[in-house]
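K.L.:
There's a structure below that I have some questions on.
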């Protein structure tokens, strides 16, 4: 598998414009990225632009705080799928995890998984920078129990992004059959190779073109 096919080509900034989405989808076609990862408002346009392409549309749910109710997250998924999303990256209820309310954390994830089943792949963002190692392990275990397809490190909108150490811990926790996505601060081919070596099977990056072309990203980006 090429590096491009492991990258979710990402544009999640709040000031993203239509022109930027059109560029993003054009680049996805050109380079063969796994997906474009966009905010829900851009799912329909992205799906139209990628009709017939190998790249699919990924969107974010309960993003970036994860503090919506399970019912709201479930509706977001339903709406996203209707608009053409084939993958959804949801943020867990981080406060509930901190409170050791594992039942709520699981119910929250399961609400998304149940709606997406058979229609969209689910990635669960645990926001590693806010968690202890014990919490990272527990979050991954709950996500697997709830039926996720992937666990993912970060939103790119908090205090830190992906590290090789966190990827290795997540991979060890979920085993070989669940995907692990590294996101947040992955900007170069070397960064990607480090994450893959640690156990990542998907990369979230706004610097996708720079990564596959070997050029330096135009400017640093958290995502």
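Using the three backbone atoms N, Cα and C, a Cβ is placed for every residue, glycine included.
I grabbed these lines from Swiss-Prot:
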ACT_SITE  89  active site, proton donor/acceptor
ACT_SITE  152  active site, schiff-base intermediate with acetaldehyde
ACT_SITE  181  active site, proton donor/acceptor
K.L.:
Taking the Cβ of residue 181 (active site, proton donor/acceptor) as the centre, how many other Cβ atoms fall within a 10 Å radius?
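P.N.:
Step by step: centre on the Cβ of residue 181 (active site, proton donor/acceptor), count other Cβ atoms within 10 Å, giving 28.
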K.L.:
Whole-number Å only: compute the distance from the Cα of residue 181 (active site, proton donor/acceptor) to the Cα of residue 152 (active site, schiff-base intermediate with acetaldehyde).
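P.N.:
Between the Cα atoms of residue 181 (active site, proton donor/acceptor) and residue 152 (active site, schiff-base intermediate with acetaldehyde), the distance comes to 4 Å.
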K.L.:
Rounded to a whole number, how many Å is the Cα of residue 89 (active site, proton donor/acceptor) away from the Cα of the residue listed as 'active site, schiff-base intermediate with acetaldehyde'?
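P.N.:
For residue 89 (active site, proton donor/acceptor) versus the residue listed as 'active site, schiff-base intermediate with acetaldehyde', the Cα atoms are 8 Å apart.
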K.L.:
If one looks at the chain holding residue 152 (active site, schiff-base intermediate with acetaldehyde), which residues at least 6 apart in sequence have a CB under 8 angstroms from its CB?
P.N.:
89, 123, 124, 125, 126, 180, 181, 182, 183, 202, 204
